[in-house]
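Enquirer: First the structure, then my questions, so here it is.
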There are 2 protein chains.
Amino acid sequence: MGEFELIRHFFAAAPCAQGGDGVALGIGDDCALLALPAGQQLAVSTDTLVAGVHFPDPADPLLLGQRALAVAASDLAAMGASPLGFTLALTLPSVAEGWLQPFAEGLNRMARQCGLSLIGGDTTRGPLSLTVTVFGAVPAGQALLRSGAQPGDLLCVGGVLGDAAGALPLVLGQAQAPAAVAGPLLAHYWSPPPQFGLGQALRGRATAAMDISDGLLADCGHIASASRVALALQLEALPLSPALLAFCGHHGAQNAALTGGDDYVLVFSLPRQHLASLQADGWPVHVVGQVAVGQGVSLLDGAGRDITPAVRGYQHFRETP
Amino acid sequence: MGEFELIRHFFAAAPCAQGGDGVALGIGDDCALLALPAGQQLAVSTDTLVAGVHFPDPADPLLLGQRALAVAASDLAAMGASPLGFTLALTLPSVAEGWLQPFAEGLNRMARQCGLSLIGGDTTRGPLSLTVTVFGAVPAGQALLRSGAQPGDLLCVGGVLGDAAGALPLVLGQAQAPAAVAGPLLAHYWSPPPQFGLGQALRGRATAAMDISDGLLADCGHIASASRVALALQLEALPLSPALLAFCGHHGAQNAALTGGDDYVLVFSLPRQHLASLQADGWPVHVVGQVAVGQGVSLLDGAGRDITPAVRGYQHFRETP
């Protein structure tokens, strides 16, 4: 089976791979063609997952397919974009139907959940890795950037934090937990739902937004830097799941929430007047701090003392002393 | 240096990385934003190059940077698209400034040559590989597809064939040649110029087009299949460079042209009435055969005899018996 047949065969079940909303031409030519509605801009983001670095090797291919697309799609949600499509560049050591079939099923499942169409890609031989590039549409001028946070805004997150980081010992087989604890943590790690609805609801309301991939502290640093403001986080305000608290304890759960990463939950700055209407509409909005004049990110305890830790979350290629 | 600084530092010299034509938001947020002129569609293509599979390992990083972008951009040219931007997903075993600096220089050089802006990407740790996703704009309904070839059309290519395949023993250090021979062959392998001008000139004229990556025979097979026609190639009409003929001899050069791949030259079907005007405008158009009723690709010798070989060019994951 050639590479063309390979792609067609296993990923044919992807939703609207031809002729979906905005997809003028799907898989099978030199390029795919996307049509944007008038007045919309195209949002684009690329994410690579490498075996043994971003996921355990071996990993359950169905879960991996779900996660690869969810992680990439989260960037679209963080811009307030509507989902259009994605390309998949898949590098495999060999063609194993028993792997490709469930991988494609996981990918297709998340594609349907998100409303994303597979529009193209590439299949190559080599060490297992995946690069997913996602496409969305956003009304011109309304994309949620990192750079607009204003002193006085509330700092908010779109859901509980730390579950994926808490799940890591379970993912790696280094720990075990009862199903009631392991289930929700593993679900968040393998299948973090991109917050498209929340992102779109934040258009015209939030002043800055991004999704949390490197950990709350590190990613707040990006907003603080891009917006040239100071962010003060309230440690006791961090939303933590019962499963994470049960598995890690209070201190461990807070640490996972601050620095763990892989949350793919939105963090955003919100003028106070928009909080009530968002919550009334049922969107998950948790106030975790506020925006002030200054620079950098600080962490305050219940008494308002600055307890900013030195650890700032995971970065690839961190310089070693 | 974190991944963010890494990307910014080495690729900051990429042309118009912020605010170029059509680029509303470049590197640094969750997504890049592209604005398309009214009436245009977005053309998208993704290509992965893996060390040791698609290029020798080690390879000169400057040449690799040039080639990675050229190979991907060629797909845009083959659709008749105008260049907009690209993303780079770079997986590296480690951060080596002595490698990144020339790689970025080669990439930026090709980006300037093509008029493509680096709009985003990802940097990860792992075995060396690159995924480039390219974006272009094409007037709605005018993209050059593979599916429109009509019986009676001429079959044409946009330049000499086989040079890159001929260069392979030189690239791999398995052979040597005088500079006058090695120079042009290696140049074509490492820096094949995407035929944007020709592709755009073919809009409204060519009935089908693609770029040759897997070899003329194999890629003609894709046009024949998508267009549901037969293609007859004239062996003696294949344009061959003096360097290739000197290095491989006549038979070896023809074989490289037919099955070698990596040409990144356009192959297209052209109604006869458009040939003269394209050639008068100075576009490189070589008639290599014609389109007929039927299916598949055949190869004819000077006497019109069918000498179609069994070999059909390179495919990844070719099934072994």
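Yeah, the Cβs are placed from backbone N, Cα and C, and that goes for glycine too.
Caution: TrEMBL annotation is automatic and unverified by curators.
In case it helps, TrEMBL gives these features for our protein:
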| type | residues | note |
| --- | --- | --- |
| BINDING | B:ASP30, B:ASP75, B:ASP211 | Mg(2+) 3 binding site |
| BINDING | B:ASP30, B:SER45, B:ASP75 | Mg(2+) 4 binding site |
| BINDING | B:THR46, B:ASP47, B:ASP122 | Mg(2+) 1 binding site |
| BINDING | B:ASP47, B:ASP75 | Mg(2+) 2 binding site |
| BINDING | B:HIS54, B:ASP262, B:TYR314 | substrate binding site |
| BINDING | B:GLY121, B:ASP122, B:ARG146, B:SER213 | ATP binding site |
| BINDING | B:ASP214 | Mg(2+) 5 binding site |
| DOMAIN | B:28-138 | domain 'PurM-like N-terminal' |
Enquirer: Between B:ASP211 (Mg(2+) 3 binding site) and B:ASP47 (Mg(2+) 1 binding site), what C-alpha distance do you get in Å?
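Expert: Cα-Cα distance, B:ASP211 (Mg(2+) 3 binding site) to B:ASP47 (Mg(2+) 1 binding site): 13 Å.
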Enquirer: Given the binding-site residues B:SER45, B:THR46, B:SER213, which one is most crowded in terms of C-beta atoms within 10 angstroms?
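Expert: Highest number of other Cβ atoms within 10 Å: B:SER45.
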Enquirer: Would you report the average pLDDT that the model assigns to the domain 'PurM-like N-terminal' (B:28-138)?
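Expert: Overall, the domain 'PurM-like N-terminal' (B:28-138) comes to a mean pLDDT of 92.
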Enquirer: Which residue counts does DSSP yield for the domain 'PurM-like N-terminal' (B:28-138) in the helix, strand and coil classes, in that order?
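Expert: The counts are 36 helix, 46 strand, 29 coil.
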Enquirer: Sort B:ASP262 (substrate binding site) into helix, strand or coil using the DSSP assignment.
Expert: coil
Enquirer: Please give the maximum pairwise Cα distance, in Å and rounded to a whole number, for the ATP-binding set B:GLY121, B:ASP122, B:ARG146, B:SER213.
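Expert: Largest pairwise Cα separation, rounded: 31 Å.
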Enquirer: Which one is it: of the binding-site residues B:ASP75, B:ASP122, B:ASP262, which Cβ has the fewest other Cβ atoms within 10 Å in this structure?
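Expert: Taking B:ASP75, B:ASP122, B:ASP262 as the binding-site residues, the minimal 10 Å Cβ count falls on B:ASP122.
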Enquirer: I'd like to know which binding-site residues lie near chain A: of B:THR46, B:ASP122, B:SER213, B:ASP214, B:ASP262, which have a CB under 8 A from one of its CB atoms?
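Expert: Among the binding-site residues B:THR46, B:ASP122, B:SER213, B:ASP214, B:ASP262, the ones whose Cβ sits under 8 Å from a Cβ of chain A are B:THR46, B:ASP122.
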